[in-house]
Amino acid sequence: MRIKKSDFITSAVKKNQYPIDNRVEVAFVGRSNVGKSSLINSLTNRKKLAKVSQTPGKTRLVNFFLINDDFYLVDLPGYGYAKVSKAEKDSWGKTVEMYLTGREQLKRVVLLVDSRHKPTGDDIIMHEWIKHFGYDVIVVATKSDKLTRNELKKNEKVIKETLKLNSDDKLYFFSSLNKDGKDELIDNLFLEFATDLD
C-alpha cells in the first residue's frame, strides 16, 4: 500500500480528547529519542508531520495522525528519559497507560527499540505489558544505518533474546536516513487495516 495522505488531527491527554469516529488505530511507542518522530515522518513522506525534538522527553501528549482518511497512526509519549522529575515520569506513564487500557480501536502496537543497543529494562516492561493486554505487537529497531551487516546480525540476536521474541514475533530493522525496506515496513504495519490498497 502507499501512504498518499497524512494529517495531524489532535493531541490528547484525557480519553475524552481522543477521536470518536471508531477508525482503527496503530500506536507507536518507545524510549525518548529512539527515533519515533523521524520514523513517522519517513513512513508518511512528510518532513514535519511529527515534530522531531532535540530534547528527549519533549513529547508528552498522545498525538493522532489520520492516514489516507482511513486509519490512525498514534504517537505515544516517549519513556525512560532520566533527566525529568518523578512527577513528570508518573504523568507520562498515566497518559500512556490510560490510552493503552481498553482502547477498542487500537489493533496494533509498534514498539521501537534502538538497534545499536540491548533493549532496556523499560523496553522489556513495555513489551511484556503490550503482550499482557493482548495487543498485536511489532518490534522495529531504529537507526540501523549506524550498524555494519555483522553488527546487525549480532544485535538482532540480542534484541530477540532480551525481549524473548519467538518465531512468530515480528522484528524489523529500519533507518529513517536511508529508508531501506520502507515499503515492506508500511505493508507489514498497516496493510491489513487499509481499505484503499493502491
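Using the three backbone atoms N, Cα and C, a Cβ is placed for every residue, glycine included.
As given in Swiss-Prot:
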type: DOMAIN; residues: 22-195; note: domain 'EngB-type G'
type: BINDING; residues: 30-37, 57-61, 75-78, 142-145, 174-176; note: GTP binding site
type: BINDING; residues: Ser37, Thr59; note: Mg(2+) binding site
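Location within the structure of each feature annotated in Swiss-Prot.
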residue : record              : CB count, 10 Å
Gly30   : GTP binding site    : 25
Asn33   : GTP binding site    : 20
Lys36   : GTP binding site    : 25
Ser37   : Mg(2+) binding site : 22
Leu61   : GTP binding site    : 15
Pro77   : GTP binding site    : 22
Lys143  : GTP binding site    : 21
Phe174  : GTP binding site    : 25
Rounded distance in angstrom between the Cα atoms of Phe174 (GTP binding site) and Ser37 (Mg(2+) binding site): 13
The domain 'EngB-type G' (22-195) [mean pLDDT, rounded to integer]: 87
Ser37 (Mg(2+) binding site) and Leu61 (GTP binding site), distance between Cα atoms, whole Å: 13
DSSP-derived structure type at Gly30 (GTP binding site), helix or strand or else coil: strand
Where Lys36 (GTP binding site) falls in three-state DSSP terms: helix
